[in-house]
C-alpha cells in the first residue's frame, strides 16, 4: 500500500516547505498542489543551484514524477507558461508530466488590476497582498461568475463569459477605484493563444489521484503559504484567500480526506512574517536583525524583507490542532547558532493580565502580549549536522521543549538549505 502525505506550513509561510517537499519527492510518483496561486514561492537548492517555483509543484525537478495542479489552485495562464518555459530552458521536461484540473479558477489581467487598485485605495490600511490577482480570482469563484481552465476548451463560450465578467469588473475599476479599464480584446486574444499550449495538460485530477492511490503509489500533497494565513483559521483579515490547512487538501484536489495518512508541519525554529498583520513575538532589536540577516529573510515571490521574532508555541500548537498534524519538520535551526539565549512564547496575556488563547480577529490580536520562557543558547554550529547526537546539547534541549509545548514530535530537522543537510528521525512514508 502506498502512503499519502500532506506537507503544510505551521506559521505565516516561508517555513522552508520547498526543500522538504523536494527531499520527500524522492519517495513518491505523484505530487499535487491544492490551493493558492503564483503568490507562493518555493525555493529549492539542489547541488548548489537555486530554483524558485511559484505554481508548478516542486516534484517537477524529479524525472518520473507526475505533478498535478488541483481545482483549489487559482491559475494564471501567463505565469504558468512563463514557469514552464523557464524550466524547459533548463532542459527539465514539463508538459508530459504536468496535469491541470479543468476546474482551476483562472487569474486574468483584470484580477491583477483589481488587486493592485484595492491595495492602493487602502493606503496605510493595506493588507499586504502580492498584487497578483489571487484574492479577486477566488472572489469570482465564490460568487460563481469566475472563468475556469475548462472554459478555455470552448472558445465561443469563453468569449461570451469573459465579456460579461469584464463589463462587471471594468465598471468597478473605473467608477469606484478611478483606475483604467482593462481591454477585453487583448485579454481574450492572449487567453486563447495560451489555451493552445495548456489544453494537452488538462485532465481529471481527482480521478488520476485516486487511480494512483488504488495502484499503491505514494502521493505527496504540497501546501503553499502557512496555516496562520488560512482564510478561516488565520489572522483575519491579514490572511490569504484560500484554505492553507489540511482540510484544503481534500477540497482542493478531490482526494478523499480519510485517504490521507500523514500530515507534516514544516516549522521554522523561530518565526517570520511578510507584510502587515498580527505578530506577537516580533523583535525590533538586534536579535531580530540577526535572525533576518543570518536567515536571509526575504520573500521568494515579492523580495520583501520578512519580519522576524521568537518561536510562538501558542500559534504553532493551534496549527497542530487544526491540521491534525502527525509530526513536525524543524527548519533553520542553524539561524539560532551563536545566540546566548533563545526564547519561546508559551502563552498570551491581554492588557488586563488575563491568560487568553488565539483571537479570532485582528483587533483581538492587538491586545496580546507574549509570555516568554528563556532557554540557554549555543555557540557551536549546527550547519550540516547529520544526526541529533551531532547537535549541541542546548539545541537538543530547545527541540525537546518545542515538542512538549506543541504536542507532536520533530520527525525531521533541516540543518541547511541543501537537501543533504537534513536529519530524518522518522520518514512520513515509513
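From the backbone N, Cα and C atoms, a Cβ is placed for every residue, glycine too.
What Swiss-Prot lists as active site, proton acceptor is 14. Taking all protein chains in view, 28 other C-beta atoms sit within 10 angstroms of the C-beta of residue 14 (active site, proton acceptor).
The annotation active site, proton donor is assigned in Swiss-Prot to 42. The Cβ of residue 42 (active site, proton donor) has 23 other Cβ atoms within 10 Å, all protein chains considered.
The GTP binding site annotation in Swiss-Prot covers 13-19, 41-43, 306, 332-334, 414-416. In this structure, residue 41 (IMP binding site) belongs to neither helix nor strand by DSSP; it is coil.
Marked as IMP binding site by Swiss-Prot on the basis of sequence analysis: 14, 15, 16, 17, 39, 40, 41, 42, 130, 144, 225, 240, 304.
Annotated Mg(2+) binding site per Swiss-Prot: 14, 41, in sequence order, evidence recorded as sequence analysis.
For 300, 301, 302, 303, 304, 305, 306, the entry in Swiss-Prot reads substrate binding site, with the evidence type sequence analysis. Counting only same-chain residues at least 6 apart in sequence, those with a Cβ under 8 Å from the Cβ of residue 304 (IMP binding site) are 274, 275, 298.
Minimal Cβ crowding within 10 Å, among the binding-site residues 39, 415, is found at 415.
Cα spacing between residue 16 (GTP binding site) and residue 303 (substrate binding site): 15 Å, rounded to the nearest whole number. Measuring Cα to Cα from residue 13 (GTP binding site), none of the binding-site residues 39, 130, 303, 305 fall within 10 Å. In this entry, 14, 15, 16, 17, 39, 40, 41, 42, 130, 144, 225, 240, 304 make up the residues listed for IMP, with the farthest two CA atoms of the set 34 Å from each other. Between the CA atoms of residue 333 (GTP binding site) and residue 305 (substrate binding site) there is a gap of 20 Å, rounded to the nearest whole number. Cβ neighbours of residue 303 (substrate binding site) (same chain, under 8 Å, six or more residues apart in sequence): none.
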